[in-house]
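A short worksheet on the structure shown next.
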Amino acid sequence: MPKRRDILAIVLIVLPWTLLITVWHQSAIAPLLAIRKACHHLVKEIFIIPERLAVHHHRLSDEGAEGRREAGGQDSKEYCASDKDIVEVVRTEYVYTRPPPWSDVLPTIHIITPTYSRPVQKAELTRIANTFLHVPNLHWILIEDSQRRTPLVTSLLRETGLNYTHLNVETPKNFKIRGDTRDPRIPRGTMQRNLALRWLRETFKNNSQPGIVYFADDDNSYSLELFEEMRSTRKVSVWPVAFVGGLRYESPKVNAAGKVYGWKAVFDPHRPFAIDMAGFAINLKLILSKPQAYFKLRGVKGGYQESSLLRELVTLNDLEPKAANCTKILVWHTRTEKPVLVNEGKKGFTDPNMEI
Amino acid sequence: MFIIFYYTYIEIGKHLYFSALGTNHRCFQGDSLWGQHCDCAEHDLPKDRAISRLQEELYRLQEKKQPPKSSLSTIFVITPTYARLVQKAELTRLSQTFLHVPQLHWILVEDSPRKTPLVSNFLMKSGLTYTHLNVPTAKERKLQEGDPSWLKPRGVEQRNEGLRWLREDRKTEPGDNGQQGVVYFADDDNTYSLQLFEEMRSTQRVSVWPVGLVGGMKFESPVVEGGKVVRFHTGWRPSRPFPMDMAGFAVSLRLVLANPDACFDGEAPMGFLESSLLKGLVTADELEPKADNCTKVLVWHTRTEKPKMKREEALQVQGLGSDPAVEV
């Protein structure tokens, strides 16, 4: 009897060790084999070092897009047929210009930014990209208000080195500007944000990776602290925003128990959610669990756009106040002046080929 | 029986291994958790790990190859700033750009009789190498409420103070190393691409490049022929000695130190501020064109709108204004 027990004990001790050794060997050998077999062009891309020492890592489009193609097939007009991949560019020349290494632990922050062509577009996108390059585990979803994805934005995104997705959808022209009163206008950026929400729902249908969704306009100013505050969002988190509603800042009202009970705003404080687009973040799980929740396109009064989405997702009680119980300003609703271009004249004085 | 147990262990181990990989995986497709079919082809995962391992190797090698910090010449950025609503927002996003630039020394000069706590605290938390100065603009030179922005030159005393501090500071740093550097005048509301700073690092005397959205045009630029600046493309008063914006040139530190009296002239007529400094330093044909022979725009003269405060003002009249303790 004792002999059998000893043998059992020895076997139970030895088994895990053999297991470890097997796994270790697998991890060491298999990747090399796989690389040699399957990804010739990937290896080529990693080891070609051009003058600027940039390393490009492209997701193989045929592999990754399988699931996405079924999803995107219905509306191929809205998604571009090719180049839906997430392209990651790793720069090795300037240590400072690459985004921080991807972490296994941090939830991804998906930033949804609608953008449109105007003279300051490249400048705005450049400086907001400089901000995002500091944030770990950031995925930038940039949606152009255009018929086709423009080369300006395409090359800008590629050069930043950020983890991004580039989409586009054009707001119908008669809705872009205030037309006749029978057709109420679609608030700017709505169709683009909705497209991003739909993209997220299609892409993360069967994926339980943790994520946070934030709507960031391209002309606001963000502190880096804000992104770390929003990472712990369980449902919807909120915080103050400066320079909105004609005030120094608008803010949620938080009681002693740390719950939001109202809104410190002058412009219609009785809105269900009297908050700016930049003042809240949503957990990706919540977005996925409520697939019907979108921003309302038509018939939305000014200032009610945020409410049109949030009321389908949470109640006031579920809101999580951040930024030290909503006492600190971590985001400013800055707006950039429209540049005065009087000296361009009717024919355009400057070289139209120069991209600004 | 033991063989059965052995293989069970192996399978359990495999699942654990691949699920651990799954979170590291940058694929937004499949799910490799327990019992669920992974959409990604399984060979993709070890490949991805190999790729990230190779990337890490490259980072490590690159970091070894990276020139030691002291051999990169320092860029001294002189920024005048003044208190207004958007000041903190502007400085925040400017600092986020500067944090990406190695060997950058920010000289922030406040238009104020005293250093304000807002700027002091901000600089302390910024993570940048900085010098915090202040000098108030004389009352008669200051823009009043309602004055158009072009009426009086702005930031003159502050930039001159920055130059003065720099000259003083460099006296304490003897030897050739202390003379290496580039001086750039960056306003707090412009937009700078990271490439710009690398372009200016090699300045020998004064380097120049195009500036976007300035002078009433999409961009202003020096015109380069045969590697030399022959004239300037601008829509406004092209007869100026140097018809450029403050953001369109950088001066080598050596030149600044060699000409201790060169500074901005606040009395200069509108648009001649840049020329007032440069004419004492270089001639037009000595200018070094950057940004691909001045064909790319790497800096934009953006301006930020003044936020509308009607409701705030109305509330303050009633004594119900927002909490002034909340710093904006």
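Cβ atoms are placed via backbone N, Cα and C, with glycine included.
Annotation comment: TrEMBL describes B:Glu274 as active site, proton donor/acceptor. Under the DSSP three-state reduction, B:Glu274 (active site, proton donor/acceptor) is assigned to helix.
In the three-state DSSP scheme, B:Pro80 (UDP-alpha-D-glucuronate binding site) is classed as strand. Taking a C-beta cut-off of under 8 angstroms and a sequence separation of 6 or more, B:Pro80 (UDP-alpha-D-glucuronate binding site) has the following same-chain neighbours: B:Val109, B:Glu110, B:Asp111, B:Arg154, B:Gly155, B:Gln158, B:Arg159, B:Gly162, B:Asp187, B:Asp188. Summarising the annotation, TrEMBL assigns UDP-alpha-D-glucuronate binding site to B:Pro80, B:Thr81, B:Tyr82, B:Asp111, B:Arg154, B:Arg159, B:Asp187, B:Asp188, B:Asp189, B:His301, B:Thr302, B:Arg303.
According to DSSP, B:Asp189 (UDP-alpha-D-glucuronate binding site) is assigned to coil rather than to any helix or strand. When Cβ atoms from all protein chains are considered, those within 10 Å of B:Asp189 (UDP-alpha-D-glucuronate binding site) total 20, not counting its own. If you look up TrEMBL, you'll see B:Asp189 marked as Mn(2+) binding site.
A sphere of 10 angstroms centred on the C-beta of B:Asn293 (N-linked glycosylation site) encloses 16 other C-beta atoms. If you look up TrEMBL, you'll see B:Asn293 marked as N-linked glycosylation site.
Over all protein chains present, the Cβ of B:Glu220 (site 'Interaction with galactose moiety of substrate glycoprotein') has 27 other Cβ atoms lying within 10 Å. Among the features that TrEMBL reports, site 'Interaction with galactose moiety of substrate glycoprotein' is placed at B:Glu220.
Here B:Thr302 (UDP-alpha-D-glucuronate binding site) is compared against the recorded positions B:Glu220, B:Glu274, B:Asn293, and the shortest C-alpha distance is to B:Glu220.
Closest to B:Tyr82 (UDP-alpha-D-glucuronate binding site) by Cα-Cα distance, out of the recorded positions B:Glu220, B:Glu274, B:Asn293, is B:Glu274. The maximal spread of the UDP-alpha-D-glucuronate binding site, taken as the longest Cα to Cα distance among B:Pro80, B:Thr81, B:Tyr82, B:Asp111, B:Arg154, B:Arg159, B:Asp187, B:Asp188, B:Asp189, B:His301, B:Thr302, B:Arg303, is 20 Å. Cα to Cα, B:Asn293 (N-linked glycosylation site) and B:Glu220 (site 'Interaction with galactose moiety of substrate glycoprotein') are separated by 14 Å.
Between the CA atoms of B:Glu274 (active site, proton donor/acceptor) and B:Asp189 (UDP-alpha-D-glucuronate binding site) there is a gap of 18 Å. Taken residue by residue with DSSP, B:Asn293 (N-linked glycosylation site) is part of a helix. In the three-state DSSP assignment, the secondary structure recorded for B:Arg154 (UDP-alpha-D-glucuronate binding site) is coil. Across the fold, the C-alpha of B:Asp189 (UDP-alpha-D-glucuronate binding site) and the C-alpha of B:Glu220 (site 'Interaction with galactose moiety of substrate glycoprotein') stand 18 Å from each other. Those recorded positions from the list B:Tyr82, B:Arg154, B:Asp187, B:Asp189, B:Asn293, B:Thr302 that have a Cβ under 8 Å from chain A Cβ atoms: B:Thr302.
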